[in-house]
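Undergrad: For 19-204, the entry in TrEMBL reads domain 'TRPM SLOG'. Annotation comment: TrEMBL describes 302-568 as domain 'TRPM-like'. Look at TrEMBL and you will find 662-913 tagged as domain 'Ion transport'. The transmembrane segment annotation in TrEMBL covers 647-672, 727-748, 793-810, 877-899.
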Amino acid sequence: FLSLSSPSFDPFCQRKGSLVGGEGKSKVKTWVREVLRQGLVNASQSTGAWIVTSGLREGVSRCVGEAVRDHAAAASSSIKIVTVGIAPWGMVHNRQQLVNPQAKYFVQNTSRDLPCLDTNYQAFLLVDDGTVGRRGGEAGFRARLENHISIQRTGICGSGSIDIPVLCLLVSGEPTILERMEISLKNSLPWLVLVGSGGVADLVGDLLENVSSVPVMLAGGPDGEGEAVSSGDLRERALSVYHNRDLVSIYHKEQEGTEDFHTVLLRALVRANKKNSSSVSPYTEELKLAVAWNRVDIARSELFNGSIHWSYEDLKDPMTDALVNNKPEFVRLFTENGLNIMDYLSYKRLEDLYCSLSENTLIYSMLQRRLADRQNITSPGSYQPFTATASPAKEQGGNNFSLFEVSRVLEDLLGDVCQPFYYSPLKLENIRSKRRALKKVGKTLKADCSYREKRCQYPWASLFIWAVLQNYSEMAIFFWEMAEESVLSALSGCKLLRELSKLDSETESKLSMKEDKYVIVIVGVFSNCYQSDESRSFTLLTTKSPVWRGATCLQMAIGADARLFFSHDGVQSLLSQIWWGDMERSTEVWKLVLTFFIPPLCYTKLISFRKLSQVHQGKKVMADESSIIVSDRPQRLPFLVSRWRKFWYAPVTSFLGNVLMYFLFLLLFAYVLLIDFKQPPPDGPAISEYVLYFWVFTIVCEEIRKTFFLGGVTLTLHRRHYAQDLWIKWDLIAICLFLIGLCCRMFQTSYEAGRTFLCVDYMVFTLRLIHIFAIHKQLGPKIIIVGKMIKDVFFFLFFLAVWLMAYGVANQALLYSYDPNPDRIFRRVFYRPYLHIYGQVPVEEIDAGVKWSEPCTENLTEIEAGAEPCRATYSNWLVVILLVIYLLVTNILLVNLLIAMFSNTFSKVQENSDTYWKFQRYNLIVEYHSRPSLAPPFIIVSHLHLFIKSVFNLSSAAELEGKLARRLMTWEHVQKENFISHESKKQRAQDSERIKRMSFDNSLIHFSALLICLNESIANNRNTTFKK
């Protein structure tokens, strides 16, 4: 039995079918072959059952092997049928070949006394009872094995709620089968008898109909094979079978068809289990078997048709089994028929679901690592390093995953988008340190763990996370339909799948396909929301979610890289509204510039402002660190203050001010470098240079504010955000270069070096303009394309460097036999060949046939002193050839390759450049939305104002809560239901259209066939008339 747990199939069988009888050389009837091929094999494939036979290449075993082989060749499903052979050692032909594990077993098709093993089986168990050529030697072992399997539980590591169903199928057979049947019936294993297949199967069928038909004596099989059985033993076994007739079901070929064989197998198991059931409800075992066999159609028509009242106690165990074994249809069925998810999902049951994960999954290994971390903190003396083969959880007897490990894994996947999950039941809300949290959890888990009996606060969202991590796509979609905050939940699913695909490259393509499905759902639901109510849809995007631990839709969309979602008109409309603040979007830029330099113009009608009714019905969009939230506090201020705030606090004004002042900063920097860069003290610096220093100081202050003084999130998370931004790193480079140049220019010895650093720093500051103009609708997409093309340039430079090195070294060695000057070597090996690409080819220096006016010498002493060496003329012809080849490759091949790469990149990015630009636009809008309204160097005033507000706690950010939050959630749920209903109607319409098209095509085929027959009949009549 242990040999079955190979990596090729499940080590724990979910259900098992044992086929008995039909051995020997007797011919199998045609209808029995059809039952095995269409009924048994298809039932095994749909339910995941294992088929166990003798595994020999004869009789029914051979028919099963051929049926499984044909099914595997024709089926498109990836689910494989597992067939196991249990054969007596003494009945196997060429059995000595199996003694050596390195040898190969050869199957012979010739007729012999002993049959060979069937190669269509996945595994074999060979039972040696000391006999040779005797059948039935494996019967006792097989019966004990079937009984052992029947008392095991379904699911991974027996985590299911029901025993593994085992059914014995009797086909034909000899009288000795009755002994085997008697043993199994005493162990309460059900049997299904194919009456009409001959042999003992017909005998058992007659016996159950009329007990007086017990024969006095029957020896051998239908062909006279087998052993003689005494009449007393046969009578006793037959009566034993009759007394256990409740466990025996009959299948008549005249009564049922092969397509109903699934139902026959299930009813046989149900009939047997009802006898042994200890449940209060007589239908509980039938429901458990329907779940085990994944027959939701039978459960829906027979058990959930309205005639049976199901209680919570009846459904909770089948619900657990359906969740663990990924059967979403049953989960939906139980939910629709009385199972309250609030009563079902406690924190303990949620932990049990995570403990039932397969060891081969990525989430299991991540949970194991987090479990090892916790055990290392709580029990450092007994801790052992985590390995793939031995883990602390296994050493303690199971997967003891708690909610804390789940929370840590979700934190690894979701990152900084939301606060940690499940901290409230663990009482860790106010603990920031991970080490303190680990110690607190260790104490909690060693105590009574009272939190486990509590109800899960958000059950559908928790089950949705569990299903996504398990990669159960259909079940995750159902939980998404039932969960709150559908848009944010789908975005979270995208985020989880994206992070999982990064960690597991093998399943990256599969996860990306499921991620695209979530994106389609997100866009569809939000489209309904936007069309229904624009104001509410904006609130939906910016409201912090209690279900997803304070995350907003926009934050999660950034983390999930949902570019298609950001390109939606509703999201872009919100971003445009945030960008313009309370001003009209149609305001011309020149009016903003004029008002910026003449501030009192904001009180005139030069700038148009929106009416109060248009500003979200009293709600105001506000900045909160790196996100955007909604405040429902209307601020009533005097006109002068209100109009001033509306103009200066708009992100577009902040952006425009920063752009204008940045240009002034670059002009001042250029003026200092070109005109007013004085000598070191005491002669300098000049006043303009001091102004430049103060300006850079205010820029440094702003960078410090963005890094350390943004409230609401931990300092570690802020620094992580800060380090991930490319342009922030660019700013750090510019500031560092400026500080180095400043320090160097203050001393006479390093004055020139300082000036050099400042000149380079000016270039870095100037290139920062690229990021500023990323907000522009025309320039933004082009900047993205340029960024993609820079990557192509690096590949081009690699190929160019190879050719440049090859040609430069060979050219220098052939032209000059000896030249130790490193400066000339570098210029002639790298610099001069690089200039050849642009057409600068000094022919008089390379070609010895052309006169060169440069004075040279062949004296080694003068050459070592720095004199120009003369050219070598011996291999000058080779130099010219190398020059031709180098120019051909670089100027024609590589340059055109670069142009082709640029064209390919442009064509690919141009199609989606608008989507990319809209996605990046969000970050820039959030940056200027949370930035002080004044630009450097006047930003120092805003910093003082922020400092005073932080000291006196004057922050006024508020979140949506109470009735407004519930109304918003209900409205979103209605829009989700409308979307699901629309998609179902659309799918039904497509199906009906496909059916109509197929019926029309069939009609055309039939009509064409009729025309052909009519033409043939007319031709035949003409031929007959012609002969006459």
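Including glycine, each Cβ sits where the backbone N, Cα and C put it.
Have a look at these and tell me how they're positioned relative to everything else.
TA: Packing against the transmembrane segment (727-748) from elsewhere in the chain are residues 677, 679-681, 685, 693, 696, 699-700, 703, 706, 754-758, 760-761, 764-765, 767-768, 771: each is 6 or more residues past its ends and has a CB under 8 Å from a CB in it.
Residues 792-793, 796, 799-800, 803-804, 807, 810-811, 814-815, 833, 836-837, 841, 846-847 of the same chain lie 6+ residues outside the transmembrane segment (877-899) yet bring a C-beta within less than 8 angstroms of a C-beta in it.
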Undergrad: Would you mind listing the long-range same-chain contacts of the transmembrane segment (647-672), meaning Cβ under 8 Å and 6+ residues beyond its ends?
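TA: Cβ under 8 Å, 6 or more out: 578-583, 589, 592-593, 595-596, 599, 602, 607, 686, 688-689, 691-692, 695, 762, 765-766, 768-769, 772, 775, 925, 928-929, 931-938.
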Undergrad: Over the domain 'TRPM-like' (302-568), what is the model's mean pLDDT?
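TA: Average per-residue pLDDT within the domain 'TRPM-like' (302-568): 83.
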